[in-house]
Structure formats: C-alpha cells, structure tokens
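Novice: Before I ask anything, here is the structure I am working with.
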Protein chains: 4
Amino acid sequence: MPAPLDRVLAGLPGIRQDAEDLYKDLHAHPELGNDEHRTAARAAELLRGYGYEVTESIGTTGVVGVLANGDGPTVLLRADMDALPVREDTGLPYASTATVTGDDGDEQPVMHACGHDVHVTCMLGFARLMASAGDAWSGTLVTLFQPSEEKADGADGMVEDGLTDRVPRPDVALAQHVLPYPAGYVGVRRGSFLSAADSLRVTLYGRGAHGSMPQAGVDPVVLAAMCVVRLQTIVSRELAATTPAVLTVGSIRAGASPNVIPDTAVMELNVRTYDDATRRQVLDAVRRCVDAEAKASNAPRQPLVERLNAFPPTVNDDEVADRLDRAFRDHFGDDAHTIGLQTASEDFSRIPEAFGAPFAYWGIGGIDPDTYRAAAERGTVAQDIPVNHSPAFAPVIQPTLDTGITALAVAALAWLGADA
Amino acid sequence: MPAPLDRVLAGLPGIRQDAEDLYKDLHAHPELGNDEHRTAARAAELLRGYGYEVTESIGTTGVVGVLANGDGPTVLLRADMDALPVREDTGLPYASTATVTGDDGDEQPVMHACGHDVHVTCMLGFARLMASAGDAWSGTLVTLFQPSEEKADGADGMVEDGLTDRVPRPDVALAQHVLPYPAGYVGVRRGSFLSAADSLRVTLYGRGAHGSMPQAGVDPVVLAAMCVVRLQTIVSRELAATTPAVLTVGSIRAGASPNVIPDTAVMELNVRTYDDATRRQVLDAVRRCVDAEAKASNAPRQPLVERLNAFPPTVNDDEVADRLDRAFRDHFGDDAHTIGLQTASEDFSRIPEAFGAPFAYWGIGGIDPDTYRAAAERGTVAQDIPVNHSPAFAPVIQPTLDTGITALAVAALAWLGADA
Amino acid sequence: MPAPLDRVLAGLPGIRQDAEDLYKDLHAHPELGNDEHRTAARAAELLRGYGYEVTESIGTTGVVGVLANGDGPTVLLRADMDALPVREDTGLPYASTATVTGDDGDEQPVMHACGHDVHVTCMLGFARLMASAGDAWSGTLVTLFQPSEEKADGADGMVEDGLTDRVPRPDVALAQHVLPYPAGYVGVRRGSFLSAADSLRVTLYGRGAHGSMPQAGVDPVVLAAMCVVRLQTIVSRELAATTPAVLTVGSIRAGASPNVIPDTAVMELNVRTYDDATRRQVLDAVRRCVDAEAKASNAPRQPLVERLNAFPPTVNDDEVADRLDRAFRDHFGDDAHTIGLQTASEDFSRIPEAFGAPFAYWGIGGIDPDTYRAAAERGTVAQDIPVNHSPAFAPVIQPTLDTGITALAVAALAWLGADA
Amino acid sequence: MPAPLDRVLAGLPGIRQDAEDLYKDLHAHPELGNDEHRTAARAAELLRGYGYEVTESIGTTGVVGVLANGDGPTVLLRADMDALPVREDTGLPYASTATVTGDDGDEQPVMHACGHDVHVTCMLGFARLMASAGDAWSGTLVTLFQPSEEKADGADGMVEDGLTDRVPRPDVALAQHVLPYPAGYVGVRRGSFLSAADSLRVTLYGRGAHGSMPQAGVDPVVLAAMCVVRLQTIVSRELAATTPAVLTVGSIRAGASPNVIPDTAVMELNVRTYDDATRRQVLDAVRRCVDAEAKASNAPRQPLVERLNAFPPTVNDDEVADRLDRAFRDHFGDDAHTIGLQTASEDFSRIPEAFGAPFAYWGIGGIDPDTYRAAAERGTVAQDIPVNHSPAFAPVIQPTLDTGITALAVAALAWLGADA
C-alpha cells in the first residue's frame with residue numbers, strides 16, 4: 001500500500017485546474033484587511049463542500065474549517081487572506097483593477113502584492129486532497145483563513161473573538177508564505193525566522209517662532225535631526241554585532257514654510273528585531289533617546305510615542321522545524337533548503353501562542369526558475385526579481401501552486417500520516 | 001514766517017478725519033501682492049485730485065505720483081500696498097473678512113497684518129499736505145506706491161517695467177514701516193537695518209528601500225538629519241560672534257510610512273544676514289555642507305538647491321540716516337530713537353539701487369502706548385504685544401497715523417524744506 | 001597759561017629715554033602671574049621716588065601708588081604686570097630668554113607676549129609726569145599695578161586682600177591695553193568692550209569595554225561627539241542673531257587604543273559672552289545639553305562639569321566712555337576711534353566693581369603704522385600682523401609708549417584737570 | 001588492536017607532569033611578540049628531542065618541527081608563542097613578574113594574558129605523544145610555533161621569510177585557542193569564526209585659531225565629532241541586519257586648551273567584519289565618510305588615513321570543520337559544541353592561505369568548570385569570568401592541558417589516523 005503522502009498527492013492532478021482557476025479569480029479580486037468578505041465566503045463555501053465543519057466571521061472575516069478524522073493529533077494550518085493598497089503593474093491577464101474608497105474619500109488601488117492569494121488557493125487545494133484521502137491519515141485537521149495579516153491585527157482579532165474556544169486546540173500549528181525564491185523551492189529553519197516589527201510615531205514638541213528669532217522658540221526640526229542621528233547609535237553601539245536589528249526612521253515631517261519655526265515634528269519609525277529581549281531593549285532605548293534629546297533641546301514637553309502597529313517575532317519551534325525539515329528533504333530532495341533569516345514580519349504566531357501550541361513557518365518560492373537562475377548568474381537578483389509588496393510581484397502559477405499544496409500535505413502528514 | 005515744517009503740518013488737523021476714514025476702508029479691503037487693484041486705483045485717484053502727475057500699473061499695480069515744485073532736490077518716498085493671507089483676529093469693527101480663491105482653488109483669508117494700510121494712508125495724507133503747502137518747500141516730490149512687498153517681487157517688478165525711465169531720478173529715497181513699538185515712536189539707524197532673507201528648497205536624493213533593508217538603499221532621512229545638524233555649524237563656527245546671521249530649517253519632509261525608506265527628503269530653509277559678504281558666505285556654506293553630506297551618504301545625486309525667494313539687506317546710507325536722525329530728534333524730541341537692528345526683511349532697497357540713489361528706512365510705532373508700557377513693566381512685551389504678521393496685529397489709529405504723516409513730512413523737508 | 005594737559009605733557013620729552021629703557025628691561029625680564037616680584041619692586045621703587053605713597057604685596061605682588069593732590073575726584077588707573085608661558089620669537093635685541101620651572105618640573109619659557117610691559121612702562125611714565133606737574137591738576141591719583149591678569153585671579157586676589165580698605169575709593173577707574181592696531185591709534189567704546197570668558201572641563205562617563213563588544217559598554221567617544229554637535233545649537237538656535245557669543249570646544253580627549261572603548265572622555269570648552277544674562281544662559285545650556293546627552297547614552301553617571309577659570313565681561317560705563325571719547329578726540333584727532341567689540345577678556349572690572357565705581361577701558365595700537373598699512377592694503381592684516389599671545393608679538397617702542405603715556409594723561413585729566 | 005587515537009592518548013598520563021611543569025615555566029617567563037627567544041628555543045630543543053626535524057628563526061623566532069611518518073596526508077598544526085604588555089594580577093604562584101624596556105625607555109610588564117602558553121604546552125605535549133606512537137598513524141606532521149600573533153605580523157613574517165619553501169605543504173592546517181569557556185569544552189564551527197580586525201588612525205586637518213574667533217579657523221573638534229556621528233551610520237544603515245560588523249572609535253584626541261582651536265584632531269578606530277566583501281565595504285565607507293565630512297567642514301586638506309594593523313577574518317573551511325566536529329563529538333561527547341561566532345581576531349589564516357591549504361580553528365575552555373557554572377547560574381558570566389587579555393586571566397591547569405593535548409590529537413588523527 002502506498003505511503004500516506006502518495007495517497008494524498010494522488011489527487012493533485014485532478015484538482016490542479018480548479019486550483020489555478022481559483023487562484024486567478026482571487027488574484028483579480030483582492031480585498032484589504034478585515035474586508036475579505038468575498039474571499040472568506042469562497043473559502044467557507046468550498047470547505048463545506050469538501051465536508052469540513054466551518055465557522056465563519058471569527059474576528060472580522062476569519063474562517064476555520066475542521067475535519068475530524070479519527071484518533072490522532074490535531075494540526076492547525078493557516079492561510080492569510082488580505083491584499084494591499086498597491087496598484088498592480090504586472091501586465092498579467094488576471095491582474096487586479098480593483099479599487100476601494102479609503103477613509104479619506106480617495107480611491108485606493110488593491111492588489112494581492114504579497115501572495116496571500118497563493119496561500120488561500122493552496123490551503124483550499126490541500127483541504128480538498130485531505131478530505132478525499134481520509135484513509136491516508138488520522139487525527140483532526142484545522143484549516144484557518146485569517147484576515148488582515150498586513151495590518152498586524154487579524155490574528156489578534158480572531159483570538160479576541162474567542163478562537164481558542166471555538167476550534168479544537170492544535171498540537172502543532174503551521175503556516176507557509178510565498179517568497180521571492182525559485183518556484184519549487186521549500187525552506188524552513190530552526191528558531192528565528194521572521195523579525196518582530198514595531199512601528200512607532202514620535203511627536204516631538206518644540207515651540208514655534210518666526211524663523212528669524214530662534215531664541216524665541218525651541219526648534220523641533222533640529223530636535224528631530226538630533227533624534228535621527230542619536231537613534232543610529234542604538235544599532236551601532238547598544239547591540240552586539242551578532243544581534244540582528246534594524247531601526248529605520250521612514251518618515252519625518254515638520255513645518256510648512258522655510259521661514260517659520262514650527263511647533264512640532266513627527267517621526268515615524270520601524271524597529272525590527274528577532275527576539276523579545278532585543279525588542280524590548282531597542283524600544284526602551286528609542287524612548288530613552290528621544291526623551292533625552294528633548295531635554296537637551298529644552299523642549300516644553302516630553303515626546304509623545306505612539307505604537308502604530310506591532311508584529312511579534314516569528315520564532316520556529318526547533319522540534320517542529322526539524323520534523324518539517326526532515327519531511328521536506330525526504331519529499332522535495334534538493335529543492336528543500338534551510339532558509340535564511342528573513343527581515344519580513346507576520347502575526348501568525350499570535351494564533352499558536354493563544355493555544356499554547358508549538359509552531360513552525362516555512363517559505364515556498366514563487367519566481368519562474370529560469371528567470372531566477374538567469375538573474376542569479378548575472379548577480380542581479382536584488383535588482384531584477386520583484387519582491388513581495390512590489391507592484392510587479394507576480395508568482396508563476398506553476399510549479400508554485402503544486403509546491404504550496406504539496407508542502408502543506410507533507411507538513412500535515414508529518415503529524416497526521418499513519419506512519420508519522 | 002513759520003518754518004516750512006510748521007507750514008506743512010498746519011494742514012494736518014484738517015485732513016485727519018479723511019485719513020482715518022481712508023485707513024479703515026483700506027484695512028477692511030486688503031488685497032494680496034500684485035492684486036492691489038482697488039488700493040492702487042484709490043491712491044491714483046486721490047493723487048490726481050491733489051494735483052500730482054500720476055503713472056499707474058508700473059510692474060503690476062504700482063502707482064507713482066510726481067509733484068514738481070520748483071528747483072531743488074528730488075525726493076522719492078515709498079509706501080507698500082499688499083496684504084497677507086492671514087485670517088484677521090483683531091475684533092476691530094473695521095476688521096477684514098475678505099477672502100480670495102487661491103491657485104489651489106481654496107478660499108484664502110486676507111488681512112493687512114503687516115500694516116501696509118498705515119503706509120498707504122500716511123503717504124496719501126502726506127502727499128495732500130505737501131500739495132497744499134507748496135510755498136513751504138521747493139523741489140520735486142515722488143510718492144511711490146509699490147505692490148507685492150511680501151513676496152519680494154514688487155520692487156523688482158516696477159524696476160523691470162521701466163520705473164527708472166518713467167519717473168524723475170531721486171536724489172534720495174525714503175520709506176517707513178509701522179512696527180510693534182509704542183505709537184508716537186520714530187526710530188532710524190545708520191547702516192544695517194533689516195536683514196537680507198534668502199529662502200531655499202533643498203531636495204536630498206537617497207534611494208528607497210524596504211525599511212528592513214537599509215543596505216539596499218541610501219537613507220535620505222538620515223542624510224537630512226545630518227544636513228540639519230551640519231548646517232548649525234555655519235552660524236556657530238564659520239561666522240564671527242559679532243556677525244549677526246540666522247539659518248533656520250523651517251520645514252523638513254520625507255517619507256510617508258514608518259517602514260519604507262523613501263527616495264528623497266526635502267528641506268526648506270531661510271537665511272538672514274546683514275551684508276552681502278556674509279550672505280554670500282552663508283549661502284555658499286549651505287551648498288558646500290549639503291553637497292558634502294550627500295557624498296558622505298553615498299547619495300546617487302547631488303542635492304538640488306532651489307531659490308524660493310530673496311530679499312536684499314536693507315542698509316541705510318549713513319549720511320541720509322544722520323540727516324533723518326537730526327530732523328526726527330528736532331521735531332519728535334524724546335520720541336525719536338536709534339532703533340535696533342531688525343530681523344525682518346524688505347525689498348524697498350531695490351528701488352533706490354535701480355536709480356543709484358542713497359536711501360534710508362525708518363520705523364514708527366503702532367501699539368497703544370499704555371498697553372505697551374504696562375507690558376514693558378510686566379516684562380511681557382514679547383508675549384503680550386502682537387507683532388507684524390500676527391492675526392491680532394492691530395495698530396491704534398492715533399497717534400499712529402499722525403506720527404506716520406508727520407514723519408514723512410519731517411523726512412521730506414529735511415531735503416526739500418526751504419531751510420534744508 | 002597752558003591747559004593742564006599741555007602742562008603735564010610738557011615733561012614727556014624729558015622722560016622718554018627712561019621710559020624706553022625701562023620698557024626694554026621689563027620686556028627682557030618677564031614674570032608669570034603672581035610671581036611678578038621684580039616688576040612690582042621696580043614699580044614700587046619708582047613710585048616712591050616720584051613721591052607716591054606706596055602699598056606693596058596686595059594679593060600677591062600687587063602695588064598701589066597714591067598721590068593726593070588737593071581737592072577733587074579720585075581717579076584709579078590700572079596696569080597689569082604678568083607675562084605668559086610663551087617662547088619669544090621676535091628676534092628683538094631685548095627679547096626674553098627667561099624660563100621658569102613649572103609645577104611639573106619642566107622648564108617653561110616666559111615672554112611679555114600680551115604687552116603688559118607696555119602697560120607698566122606707560123603707567124610709570126604717566127605717574128612721573130603727573131607728579132612733576134602737580135599744579136596742573138587737583139584731586140587724588142591712584143596708580144594700581146595688578147598681578148596675574150592672564151590667570152583671571154589677580155584682580156580678585158587684590159580685592160580679597162583688602163584692596164578697598166587699603167586705598168582711597170575712586171570716583172572712576174580706568175585701564176588701557178595695547179592691541180594689534182597701528183601705533184598712535186587710541187580707541188574707546190560705550191558698553192560692551194571685552195567678552196566674559198568661562199572655561200569649563202566636562203568629564204563624560206561611559207563604561208569601558210573591548211572595542212568589539214560595544215553592547216557591553218557605554219561609548220564615551222560617541223557621547224562626546226554628540227555633545228560637541230549638540231553644543232553648536234546653543235549659539236545657532238538659543239541666542240538672537242544680534243547677541244554675540246562663542247562656544248568653542250578646544251580640547252577633547254578619550255581613549256588610548258583604537259580597539260578599546262574607554263571609560264571616560266574629557267572636553268575642555270570656552271564660552272565668550274558680553275553680558276551676564278547671556279553668560280548665565282549659555283552656561284546653563286551647556287549643563288543641560290551634556291546632562292541630557294549623557295542620559296541619551298545611558299551613561300552610568302552624569303557628567304562632571306568643572307570651572308577652569310572665569311573672566312567677567314568688561315562693559316564700559318557709557319558716561320565714562322563718552323567723556324574719554326571726547327577727550328581722546330580733542331587731543332588725538334583722527335587717531336581717536338570708536339573701537340570695535342573685542343573677543344578678548346580681562347579681569348580689570350573686578351576692581352572697580354569692588355569699589356562700586358564706574359569704569360572704562362580703552363585700547364592703544366602697538367603695530368608699526370607702515371607695516372600695518374601695507375598689510376591692510378594687501379588685505380592680509382589677519383595673516384601678517386602678529387596678535388597678542390603670539391610668540392612674534394612685538395609692539396614698536398614708539399609711538400607706542402608716547403601714545404600710552406599720553407592717553408593715560410588725557411584720560412586722568414578728563415577728571416582731574418583744572419578745567420575738567 | 002586499539003584505535004589510533006587510543007594508542008596515541010595512552011601516553012598522556014606519562015607526560016602530564018612534564019606538561020604541567022612546562023606550562024608553569026612558560027607562564028612565568030612570557031615574551032612579547034617577535035621576542036620569544038626563550039620560548040622558541042625551548043620548543044626547538046624539545047622537538048629535536050622527540051625526533052622532529054626542526055627549522056628555527058623563521059620570520060623572527062618562528063619554529064617548525066616536522067615528523068615524516070610514512071605515506072599519507074600532511075597536517076600542519078600551529079601554536080602561537082607571544083605574550084602581552086599586561087601586568088599580571090592573578091595571584092598565581094607561577095605568576096609573571098617579567099618586564100621589558102619599551103621603545104620609550106619605560107619598563108613594561110609582560111604576561112601570558114591570552115593563553116599562548118597553553119597553546120605551546122599542548123602542542124609540545126601532543127608532538128611528543130605523536131612521536132611516541134608512530135605506528136598509530138601515517139603521514140607527515142608539521143608542528144608550527146608562530147611569533148607575534150598579537151601584533152598581527154607573526155604569520156606574515158614567517159611567510160615572508162620563505163615558510164612555504166622551507167616546510168612541506170600541508171593538506172590541511174589546524175589551530176586551537178583557549179577561551180573563557182569551562183575547561184573540558186571543545187568547540188568548532190563552519191565558516192566565519194573570528195572577525196577581521198582593521199585598526200586605522202585618521203588625522204583630521206582643521207586650521208587653528210583663537211577660541212574666540214572660530215571664523216578665522218576650521219574647527220577640527222567639530223569635524224571629528226561629525227565624523228564619529230557619521231561613522232555610526234555605516235553599521236546602522238549600510239549593512240544588512242544579519243551582516244555582523246563593529247566600528248569602534250576607541251580614541252579621539254584634539255587640542256590642549258579650552259580656548260584654542262587646534263590644527264588637527266586624531267581618531268583611532270577599529271573595524272571588525274567577518275568576510276572580505278563586508279570588510280572592504282566598511283573600510284571604503286570610512287574613507288568616504290571622513291573625506292566628505294572634511295569637505296563639509298571646508299578643511300584645508302583631506303584626512304590622512306593610516307592602517308595601524310590588520311587581522312584577516314578567520315573563516316573555517318566547511319569540510320574541515322565538519323570533519324573536526326565529527327571527531328570531537330565522537331571523542332568528547334557532550335563536551336563537544338558548535339561554538340558561537342567570536343569577535344576576537346587572529347592572523348593564523350595567513351599561513352594556510354600562503355600554502356593554499358584549507359584550514360579550521362577551534363576553541364577549548366580554560367575556566368574552572370565549577371566557577372563557570374556558578375557564574376552561569378547567577379547570570380554573571382560576563383562580569384565574573386576574566387577573559388583573554390585581562391590581568392586576571394588564569395586558565396586552570398587541568399583539565400585545560402589534557403583537553404588541549406587531546407583535541408590536537410583527535411584533530412590530527414582525523415587526517416592521519418590509520419582509519420581516517
């Protein structure tokens with residue numbers, strides 16, 4: 001009798017066309033975070049059709065499909081559903097032309113520029129294969145479709161809406177992301193995988209004055225400049241060379257006229273770290289630096305530091321990662337890799353943490369392998385391969401979808417397979 | 001026979017009510033720079049009525065009235081006519097409620113927040129007195145009503161439109177400005193009076209990147225911060241302690257997201273100096289500093305430095321200032337002062353420079369003397385007395401208008417009086 | 001009968017040779033501050049010879065000679081006696097080759113590089129002329145020879161040693177200084193003349209670590225750099241353009257190896273201001289800036305700020321200055337000037353302040369007029385004319401001494417002359 | 001028949017006392033770099049006694065002992081011999097009291113503060129064991145005793161003196177270092193192990209002036225501060241978060257007086273990187289930054305950048321490291337570890353690079369295990385355990401020496417053992 005994985009994957013050729021059609025449809029109909037009504041409805045409808053018990057509208061648009069299939073562990077696999085306010089520039093026949101009206105009344109373009117349509121498609125294809133091969137595995141399968149990953153509030157939203165009481169507690173939680181590697185590539189790693197990302201808005205208070213009379217004011221532009229300069233020293237002097245971290249001041253705004261000293265300056269900054277101790281250390285140092293620079297400027301008030309959003313670090317459980325690594329290497333051979341540390345961020349970990357379950361996360365490639373290889377040979381990968389969030393990010397449909405569906409199956413069966 | 005000045009000023013009581021009515025009317029009908037059609041028409045009409053030969057529409061709305069009255073020197077006196085895009089907040093019964101539609105389609109408020117209505121009123125009252133007392137003086141009187149002082153292009157506009165060919169060449173040029181001193185005050189000084197003011201926009205070029213990958217970009221926020229810091233050293237290290245100068249970066253703008261390194265940063269800055277050598281030195285140093293900091297950042301392009309506007313320094317001719325000082329002290333006694341160096345700027349000097357004529361500029365007070373004295377006793381002048389350009393700037397009508405009319409007469413007769 | 005000044009100055013030709021000989025002798029025998037034993041003894045001996053009542057050893061080596069000559073005001077004139085630890089490089093036949101053994105056991109050269117030998121010589125010449133022409137004036141003359149001006153402790157030393165109880169209280173106090181202007185030049189001014197000068201040592205505390213492990217320490221080199229940068233903003237942003245001030249960090253020292261983060265950094269800085277309010281403001285701002293930057297660096301201790309020395313500002317009394325100005329212009333004609341604000345410093349003002357007497361200070365030139373004029377015509381005065389404290393500072397003997405003696409007489413007689 | 005390793009190590013008990021005695025003797029007689037005459041003579045004498053063919057005085061004091069023992073690979077193992085100018089503060093009965101007279105005539109203390117005495121002792125013990133068990137292995141053994149590792153010129157010195165022509169070309173080169181881990185610990189890693197370290201002296205040229213006249217000079221203190229600030233951005237902005245690097249300005253010196261702007265400032269800095277591309281990038285960026293900041297300051301000359309010393313990165317060959325790792329884990333069990341990236345530096349790699357041979361480097365512990373464990377439990381390892389170069393660095397004799405001798409044998413036999 002064939003191995004469980006072979007029995008599950010035997011169904012793949014039969015669902016491939018449906019998967020590709022679904023992908024094109026999702027890609028052409030992207031929805032912003034917490035607004036994924038069409039996508040969620042589609043997922044719920046298909047899951048029900050496959051025989052899953054479905055719960056909808058967890059958090060905002062979250063969907064969970066559960067397939068109980070005898071004794072054995074419970075495995076949760078998660079796909080995120082939201083798209084981005086990016087104007088698609090891929091030239092694909094199924095490119096998005098969608099727009100939504102933003103809070104400010106402006107039309108915003110919407111695009112699946114991060115590949116969550118790949119994630120949803122693969123999860124549904126995988127769910128279908130597993131439902132069709134119930135004799136190949138034993139245990140409980142939980143497929144979770146999460147809203148609003150990009151805004152870092154979708155996982156928390158599901159948890160706050162009672163997720164842990166509404167679905168079985170998993171023994172392990174898993175997730176994958178399409179990344180700018182060659183399609184066919186699968187990569188996992190132990191420990192730190194994705195960075196924590198914290199975005200802060202810092203409002204620096206000066207005191208306005210005519211530009212010719214600095215002595216009558218407190219110049220918030222000079223204060224902001226000193227803060228930007230000072231913040232560089234956190235990475236350069238307060239962290240070990242081997243502790244990776246990034247602190248970027250992405251935005252700075254002050255004043256409207258060359259000749260008027262404004263009252264305030266506003267900086268928005270982003271901090272990336274890979275463990276909680278470093279994260280805490282850097283955030284504390286930001287606070288310390290801006291407070292002290294404000295004092296040095298004799299500012300009338302201490303800076304206001306507001307949290308804009310906060311992604312946790314994604315730190316794979318070593319044992320889960322090792323089990324995935326072995327399973328991937330067994331199945332994918334040379335296409336299975338130890339992936340490098342990524343500077344991107346995710347909120348997936350909030351879900352297993354809510355359950356107290358170990359978890360791991362892996363990456364699959366989405367770039368045409370020939371294109372990638374040519375760029376690699378030219379040494380121009382960084383310049384030539386569009387990355388996630390780019391208007392030109394365009395995963396090739398195959399072997400991306402096959403790889404994503406297969407990787408989910410390989411991963412799930414590492415726990416649920418009869419020989420697991 | 002009374003002295004010439006007494007003969008001229010004998011008419012003042014008879015025109016006082018007209019002057020006050022005119023002032024309220026002008027104050028209630030402010031017009032932005034190069035749009036002073038109503039004001040200019042009013043001035044031209046009145047001048048003609050007084051017997052002046054009038055030329056209109058020099059530059060945009062410039063008006064000159066000439067009264068040739070026998071042998072003697074030619075004296076030019078200038079009043080500026082334009083108002084500001086400020087929403088009046090004085091509570092005066094004759095406060096402006098005027099608005100205009102800006103280039104961007106928005107309604108802009110308009111207010112005589114700099115007191116040019118005082119200047120126009122006084123000049124017309126003075127012109128009337130001089131015309132009525134032709135036997136008290138001898139020579140040629142040139143009264144000039146200039147548009148668009150606030151934008152620094154009104155004087156140049158008149159010169160470019162042939163001013164020097166259209167009116168007699170003056171032997172001396174004079175101008176006054178109402179300032180936040182007690183009404184009744186008159187003050188002149190030798191040499192530097194008002195600063196030059198140069199506004200620049202500096203565009204700093206970096207290279208955008210994801211906020212987590214600074215190595216892939218060139219961070220223009222850090223570059224801008226280093227420029228702001230570096231620019232401080234021009235005043236602190238490159239100029240003598242006794243060389244007054246101000247360099248203010250009034251505006252800084254870069255990026256729109258905490259997590260994206262932007263492509264560019266834009267600074268707008270204003271430089272105030274009191275002589276041409278220092279002005280040139282500081283502007284050259286700005287260029288040197290931003291160029292070098294861009295090199296230090298490995299920027300892909302040198303910064304773009306654009307001139308937004310440029311006011312010349314106003315440097316009184318010593319002999320003209322001395323003659324005015326003596327005349328003011330003779331007439332005004334203890335109300336005549338040596339005024340301090342001002343950090344404001346003017347384009348008046350462009351006019352005498354076009355003629356090659358010496359010039360001087362003086363200030364008159366516009367604040368209620370009791371209010372001013374009380375604030376001075378409390379030590380709260382800086383906080384309590386609204387200054388030019390403030391929405392609350394409200395000169396008291398008297399003795400401001402009397403003082404302004406009288407100061408013009410005292411000044412003109414220092415050259416034109418029979419005993420001059 | 002000739003005017004009092006003419007009668008006093010009639011004796012000048014007869015003492016000129018003695019004055020020149022004395023000058024050469026003093027120049028060849030310079031003594032450091034509070035060690036002016038030979039100079040003081042010489043002054044005391046000569047004064048006694050002229051008939052003055054002499055008090056010696058006030059403070060350390062201070063000498064006062066009093067000549068009571070009938071009714072009238074009391075005028076104090078002061079000369080400072082100390083030299084500098086500079087190795088003379090003038091090539092003069094009477095150049096100093098003197099050395100002393102310093103506290104550290106090293107031989108130090110000594111030179112009258114600031115021209116105090118001119119001051120002593122002129123004061124003694126003037127004292128002799130006044131004593132010889134007692135009928136030309138009436139009142140009390142107090143000639144004061146002060147130690148240790150360069151160290152800023154000589155005037156205070158005399159005051160602390162009871163000066164005000166030991167000599168008559170003056171109605172006015174006067175002093176002069178030879179400066180790099182053409183010999184023959186005399187210049188005074190109202191108000192601010194010399195700056196206050198405060199020197200501080202700031203010790204910044206970090207925490208040492210191996211250079212490869214900045215995370216284990218607190219880098220005092222980075223802290224010092226941030227302080228130097230931040231201190232620039234005091235002059236550039238906290239003072240009006242028209243408030244002259246200088247803040248120079250003249251010395252910075254930290255670490256001994258490229259590869260070790262040191263424990264501390266030491267900065268020595270000098271602040272020059274022209275009035276007490278600005279002085280206090282700047283010194284407070286220095287403290288605020290270094291404290292805040294230490295906080296920003298997470299330093300283990302607040303910086304130690306030590307006062308190294310403090311010169312008061314020298315602010316001439318306006319009435320005294322005006323009287324001197326008139327007297328100088330009457331006598332010196334075109335050689336009498338309104339001198340510019342000087343960035344040097346003095347402790348002379350401590351003496352009149354101890355008495356509560358008004359005072360003024362003036363400058364005389366010491367540079368060969370032809371040399372000066374040639375440099376001025378080349379525009380190379382700053383490069384070619386050695387200034388005070390330079391090893392090449394070499395006043396020409398004449399007309400420097402004649403001018404200095406005469407200026408003292410002109411000044412004293414403005415109060416003591418029968419027609420004063 | 002016992003395995004080769006067992007046969008070699010069977011001799012260890014018999015040589016242990018000699019090794020310990022030798023260690024105490026070497027520790028008590030430390031010699032600075034290129035002056036290791038006594039140490040080298042001792043090594044050469046012992047090697048000859050064991051039957052090695054010995055070459056002396058390669059470079060300065062370098063010694064190589066070769067033992068040809070039949071067919072098989074050639075393995076080079078290296079020990080460094082030099083001590084440091086540190087005053088020992090261990091309280092050990094065999095502590096060093098040695099001093100030498102430095103270039104400046106001062107007495108310098110000397111101490112084996114880096115544990116090279118451990119290296120020499122272990123290498124000689126190992127050489128003896130190998131010579132005594134020739135039937136346990138086959139091939140050629142090259143034991144190399146290098147001078148002057150601390151100054152980074154000992155390996156180059158041997159290469160420049162013809163090393164590659166004077167000893168057999170190795171198939172693999174190996175070295176070990178005692179580190180602040182528990183004695184008994186052995187750790188190796190693939191790839192980057194020790195950083196490159198480059199020390200630079202940067203002389204910044206300003207133009208001196210009186211402290212009160214910054215406009216007459218170019219302030220090198222401000223320039224130095226801007227450089228220190230700017231250099232922080234190399235690590236914070238120009239390198240990926242995952243590219244470890246350190247840039248420390250360990251020393252900064254300018255000026256001698258608070259009141260004089262000096263002519264120059266001197267910074268000494270140290271750069272640590274882990275690969276040649278990053279090293280080149282950082283060193284280029286240092287040059288670019290200081291050049292540009294000098295331009296921003298309008299400096300009269302570009303900075304002088306001098307190389308003080310340069311250690312290459314130590315990057316283990318992956319295959320060599322893997323072979324060592326397997327061998328260590330087989331023999332040492334739980335005491336064998338994957339060691340972390342170290343921020344220290346070495347010049348060992350120059351030797352295998354001269355031969356074109358692959359190499360690896362490993363660490364052994366030297367701290368008393370109980371002391372280490374207690375500190376680890378308190379979380380005070382960083383504070384309580386003296387590290388290399390500390391005056392208190394005192395490896396415990398055992399099991400340090402046994403571990404070091406054994407590790408060399410395990411490593412060598414991984415290539416030379418009959419079953420290798």
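Cβ atoms are placed via backbone N, Cα and C, with glycine included.
TrEMBL annotations: computationally assigned, not manually curated.
According to TrEMBL, the Mn(2+) binding site annotation covers D:Cys114, D:His116, D:Glu150, D:His177. Sequence annotations record features per position, and here TrEMBL assigns domain 'Peptidase M20 dimerisation' to D:199-296.
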Novice: With DSSP helix as H/G/I and strand as E/B, how many residues of the domain 'Peptidase M20 dimerisation' (D:199-296) fall in helix, strand and coil?
Specialist: 42 helix, 33 strand, 23 coil
Novice: Specify the count of other C-beta atoms within 10 Å of the C-beta of D:His177 (Mn(2+) binding site).
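Specialist: There are 26 such Cβ atoms around D:His177 (Mn(2+) binding site).
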Novice: Select one residue from D:His116, D:Glu150: among these binding-site residues, choose the one with the most other Cβ atoms within 10 Å of its Cβ.
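Specialist: Of the binding-site residues D:His116, D:Glu150, the most buried by Cβ count within 10 Å is D:His116.
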Novice: Going by DSSP, is D:His116 (Mn(2+) binding site) sitting in a helix, a strand, or coil?
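Specialist: The residue in question, D:His116 (Mn(2+) binding site), is helix (DSSP, three-state).
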Novice: Using a 10 Å radius around its CB, how many other CB atoms surround D:Cys114 (Mn(2+) binding site)?
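Specialist: There are 24 of them.
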Novice: Could you check what DSSP calls D:His177 (Mn(2+) binding site) once collapsed to helix, strand or coil?
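Specialist: DSSP call for D:His177 (Mn(2+) binding site): strand.
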Novice: Given the Mn(2+) site residues D:Cys114, D:His116, D:Glu150, D:His177, which other residues of that chain have a Cβ within 8 Å of the mean position of their Cβ atoms, reported in sequence order?
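Specialist: Residues close to the Mn(2+) site, other than D:Cys114, D:His116, D:Glu150, D:His177: D:Asp80, D:Asp82, D:Leu84, D:Gly115, D:His119, D:Glu149, D:Asn388.
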Novice: In this predicted model, what is the average pLDDT of the domain 'Peptidase M20 dimerisation' (D:199-296)?
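Specialist: A mean pLDDT of 95 is what the model gives the domain 'Peptidase M20 dimerisation' (D:199-296).
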